[in-house]
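What Swiss-Prot records for this protein:
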TOPO_DOM  1-22  topological domain 'Virion surface'
CARBOHYD  N20  N-linked glycosylation site
TRANSMEM  23-43  transmembrane segment
SITE      W41  site 'Seems to be involved in pH gating'
TOPO_DOM  44-97  topological domain 'Intravirion'
LIPID     C50  S-palmitoyl cysteine
REGION    62-89  region 'Disordered'
MOD_RES   S64  phosphoserine
MOD_RES   S82  phosphoserine
MOD_RES   S93  phosphoserine
Amino acid sequence: MSLLTEVETPIRNEWGCRCNDSSDPLVVAASIIGILHLILWILDRLFFKCNYRFFKHGLKRGASTEGVPESMREEYRKEQQSAVDTDDSHFVSIELE
């Protein structure tokens, strides 16, 4: 149970834990919500870059380059890469080999 719902009280020269309301539905719901919030926060921090790109650009796929000359494909690829790497006025320079 959550540390916030536990109360330590002196019992017979010892420190014990008295959790009278641990079966209260509100306490159980709050604990579950707290655990889910913590898990989602950790996942957000771990996958921040992926989440940011997903919400900013959606699930858009690049246009088909069938029948397009290689020089135009390369220019399009650079434009798409620069659009993805732009993060709130922070520009990332990537050299393609």
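Easy rule for this one: first residue shown is 1, then count along the chain.
Glycine too: its Cβ is placed from the backbone N, Cα and C atoms.
Taking the Cα atom of each, W41 (site 'Seems to be involved in pH gating') and C50 (S-palmitoyl cysteine) are about 14 angstrom apart.
Most Cβ neighbours within 10 Å among the recorded positions W41, C50, S82: this distinction goes to S82.
Here S82 (phosphoserine) is positioned 16 angstrom away from C50 (S-palmitoyl cysteine), judged by their C-alpha atoms.
According to DSSP, S82 (phosphoserine) sits within a helical segment.
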